[in-house]
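The following features are taken from Swiss-Prot:
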DOMAIN    109-316  domain 'ATP-grasp'
BINDING   135-196  ATP binding site
REGION    212-235  region 'Disordered'
COMPBIAS  213-223  compositional bias 'Basic and acidic residues'
BINDING   Glu286, Asn288  Mg(2+) binding site
Amino acid sequence: MRVLIIGSGGREHALGWKAAQNPNVETIFIAPGNAGTALEPKLENVNIDVEDIAGLVAFAKEKAIELTIVGPEAPLVIGVVDAFREAGLPIFGPTQAAAQLEGSKAFTKDFLARHQIPTGAYANFTEIEPALAYVREQGAPIVVKADGLAAGKGVIVAMTLEEAEDAIKDMLAGNAFGDAGSRVVIEEFLDGEEASFIVMVDGENVLPMATSQDHKRVGDKDTGPNTGGMGAYSPAPVVTPEIHNRIMEEVIYPTVRGMASEGNPYTGFLYAGLMIDKDGTPKVIEYNCRFGDPETQPIMMRMESDLVDLCLAAIDEKLDQVESKWDPRASIGIVLAAGGYPAAYNKGDVISGLPQVEIEGEKVFHAGTDNQDGDIVTNGGRVLCATALGNSVSEAQQRAYELAKQISWDGMFHRNDIGYRAIAREQEK
């Protein structure tokens, strides 16, 4: 069997690595992939851009691909799933209409309101003056979001009124995020603990993945600007069995039923970014129509089920007939980033110290890497993700940092506290 995975990040490396464990899979093509996927057994990079829909369809036809898994959001929002389905090619992901859950923050907030799904109070604006009047009336802290896709960076958590006003002017006048900023959503600042709750959906049935928690801020103790994510761990102890049930009943099921009732049944990975308050009430911060990055890396380390079989079951609308199995151990992934990220950063720096031999329960997933004249070099802001399993989050953290310590390039940095909330909980016990 041949599989195609669309994307080039750490998430796609992890999905490809996991999919390769299926004994019936002979080749997994990754378009376009990275230096790490190129080295992986059974994986083969294909130089097709993630947004080249016609090229991807033609390739999948030519190679008789039996399953395509979409990693990033951009191809979903421009309709890759619709194009594959029209060509009769099996693909796991939401249609262009369903992908609005991630593609438009305003669509999502209005959808949540229509279906009484808990989220923060909000308003949408396209003009500066009314937006400024609204934040002055609401006060800070307050959250300002660019409406469209901004690679996870179009969200400003403004702790002062001045920051909120600057963000609004940037997004609407300066258009800091290209087209994405031509409308802003301003919403209430939610206090609590964040969790990433990712499920597989087949249009009707839902199969939860392991819980996880991402670390969005670039600096230790959650300081500095937001990024695409600096590290993650799984499971997230904030999601107790009781809170897990509440999330399914109050957020996930109403979302899946709501999308179906509006004529956009949802198939694919659905990621709810949640804030869980001190009473255990989950509120939706955002939806993503795909697996999170870097959450995928620790989650795939823990997955004992067969990813390919689960995706095929979802395409056949049979998710109610399968279950997911997980390693009871904790897993943690630490992102190694290029100096300057999430602003301007260097590319082309040679990476040294990558492990030559893989040890059970440890894996370095590649993201922004490239092969140049036999060297593996940096090619993005988030370059690698050092991931490890452990009997506790503390043990997984220790192993992951030991792994990260072996690797270096000019300007490399990482956070030093990934998993700190879960470790504090472990120490309380």
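Each Cβ is built from the backbone N, Cα and C atoms, and glycine gets one as well.
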Cα distance, Glu286 (Mg(2+) binding site) to Val143 (ATP binding site), nearest Å?
12
Return the residues near Arg183 (ATP binding site), defined as same-chain residues 6+ apart in sequence whose C-beta is under 8 angstroms from its C-beta, sorted by sequence, else 'none'.
Ala106, Asn124, Phe125, Thr126, Asp147
Across the domain 'ATP-grasp' (109-316), what does the pLDDT come to on average, as a whole number?
92
Enumerate same-chain residues with a sequence separation of six or more from Asn288 (Mg(2+) binding site) and a Cβ-Cβ distance below 8 A; give 'none' if the list is empty.
Glu73, Glu102, Leu270, Tyr271, Gly273
Across all protein chains in the structure, which of the binding-site residues Val135, Val143, Met159, Ala167 has the highest Cβ count within 10 Å?
Ala167
Which residue, out of the binding-site residues Asp191, Glu286, shows the minimum number of other Cβ atoms inside 10 Å of its Cβ in this structure?
Asp191
Tally of DSSP helical, extended and coil residues in the region 'Disordered' (212-235):
3 helix, 14 strand, 7 coil
In three-state DSSP terms, the structure that Met159 (ATP binding site) belongs to:
coil
Which of the three DSSP states, helix, strand or coil, fits Asp191 (ATP binding site)?
coil
Roughly how many angstrom lie between the C-alpha atoms of Ala167 (ATP binding site) and Glu286 (Mg(2+) binding site)?
19
For Asp191 (ATP binding site) and Glu286 (Mg(2+) binding site), what Cα-Cα distance in Å is obtained after rounding to a whole number?
15
Given Val135 (ATP binding site) and Glu286 (Mg(2+) binding site), what distance in Å do their CA atoms have, once rounded to a whole number?
20
